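Contents: one structure, followed by commentary.
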Amino acid sequence: MQKLQIFVYIYLFMLLVAGPVDLNENSEQKENVEKKGLCNACLWRQSNKSSRLEAIKIQILSKLRLETAPNISKDAIRQLLPKAPPLRELIDQYDVQRDDSSDGSLEDDDYHVTTETVITMPTESDLLAEVQEKPKCCFFKFSSKIQHNKVVKAQLWIYLRPVKTPTTVFVQILRLIKPMKDGTRYTGIRSLKLDMNPGTGIWQSIDVKTVLQNWLKQPESNLGIEIKALDENGHDLAVTFPEPGEEGLNPFLEVKVTDTPKRSRRDFGLDCDEHSTESRCCRYPLTVDFEAFGWDWIIAPKRYKANYCSGECEFLFLQKYPHTHLVHQANPKGSAGPCCTPTKMSPINMLYFNGKEQIIYGKIPGMVVDRCGCS
């Protein structure tokens with residue numbers, strides 16, 4: 001009996017030391033674990049978002065074949081941007097991105113930018129030293145984007161100053177050649193006649209596809225061109241070297257090249273937002289702001305929706321990848337787990353300055369995440 005009393009006293013003492021028992025302790029611990037899991041998921045998503053932003057900066061420079069971002073100031077950009085219809089059209093009707101991901105197709109993209117339009121401004125040439133007299137305008141250098149693609153359209157754009165009275169203007173585009181025995185230094189490319197009325201000046205385009213193709217085949221024949229636009233009184237209305245107040249009115253070439261068609265296949269995935277509690281692999285929204293990067297050399301878009309992938313890839317969700325599941329079942333410790341990665345990427349169109357201060361309009365593949373999946 002005495003032993004029983006001693007046991008009871010010891011039991012009561014242990015209860016006093018342990019304190020009151022909380023019946024909700026297990027549920028609170030479970031809730032804390034769930035909150036910690038959600039917090040870890042948020043941190044993981046934030047890490048993926050930051051990594052995606054840095055990867056985008058590297059990818060853009062790499063796909064544009066630029067070692068570093070072009071160092072062009074905002075003031076220089078304002079002076080270099082031509083105030084011309086084709087450029088305004090590209091900016092005003094700019095298709096920032098194609099977010100038609102509902103079809104679930106996966107593009108087999110090339111890595112580098114697919115150029116669609118190149119706007120080339122005139123520059124100086126050492127070849128002009130071979131002739132006694134330099135032309136009034138102009139010499140154009142062509143990047144590898146033009147040289148290595150099929151040219152489908154090439155137009156020379158010139159600006160004609162306004163007139164005070166109605167007049168007929170005779171426009172002539174001449175190609176500079178090496179002096180011949182009879183002293184001839186020019187050969188005609190195009191000529192046209194147009195009527196101008198008083199008012200503002202006008203932009204006029206001239207087809208130069210044939211001469212451009214000849215220049216690409218024989219680069220040594222590209223010595224430059226001369227532009228003349230004479231009214232009935234013999235006044236030259238063409239802006240070749242802009243005067244004060246005529247910034248952005250330089251002549252320029254607009255060249256369009258072929259685009260490579262893409263193949264596609266089917267694919268599907270989950271879409272989530274930043275407040276989602278979904279743990280599985282999912283696509284999350286992410287907006288890239290080029291102005292925040294300090295990348296003023298990108299004319300358009302100033303920002304675009306890039307998106308990113310984040311989430312778990314449990315083998316429970318991998319009916320789509322049976323081979324991965326079988327490998328894991330055979331060797332669960334030795335096989336690497338699947339990762340949440342993009343399974344559908346789409347391009348963006350971009351208008352930008354390259355390192356030679358040329359304006360390029362191109363399509364950059366693989367810049368928008370449209371679908372995410374485990375692989």
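Keep in mind that glycine also has a Cβ here, set from the backbone N, Cα and C atoms.
Secondary structure at Cys282 (disulfide bond), as computed by DSSP, is strand. Residues annotated as disulfide bond in Swiss-Prot: Cys272-Cys282 (among others).
Annotated disulfide bond per Swiss-Prot: Cys281-Cys340 (among others), in sequence order, evidence recorded as similarity to another entry.
The disulfide bond feature in Swiss-Prot is assigned to Cys309-Cys372 (among others). Applying an 8 A CB threshold to same-chain residues 6+ apart, the list for Cys309 (disulfide bond) reads Asn48, Cys281, Cys282, Arg283, Tyr284, Cys340, Thr341, Pro342, Val369, Cys372.
As annotated by Swiss-Prot, disulfide bond applies to Cys313-Cys374 (among others). In the three-state DSSP scheme, Cys313 (disulfide bond) falls into the coil class.
Counted within 10 Å of its Cβ, the other Cβ atoms near Asn48 (N-linked glycosylation site) come to 17, all protein chains included. DSSP assigns Asn48 (N-linked glycosylation site) to a helix in the three-state reduction. The annotation N-linked glycosylation site is assigned in Swiss-Prot to Asn48 (among others) on the grounds of sequence analysis.
The Cβ of Asn71 (N-linked glycosylation site) lies under 8 Å from the Cβ of no residue that is in the same chain and 6 or more residues away along the sequence. DSSP gives Asn71 (N-linked glycosylation site) a coil state; it is part of no helix or strand. Sequence annotations record features per position, and here Swiss-Prot assigns N-linked glycosylation site to Asn71 (among others) based on sequence analysis.
Taken from Swiss-Prot, the feature signal peptide applies to 1-18, supported by sequence analysis.
There are 24 other CB atoms within 10 A of the CB of Cys281 (disulfide bond), with all protein chains counted. Cα of Cys374 (disulfide bond) to Cα of Cys272 (disulfide bond): a distance of 15 Å. The most densely surrounded of the disulfide-bonded residues Cys272, Cys282, Cys372, Cys374, judged by C-beta neighbours within 10 angstroms, is Cys372. Ranked by Cβ neighbours within 10 A across all protein chains shown, the disulfide-bonded residues Cys313, Cys340 are led by Cys340.
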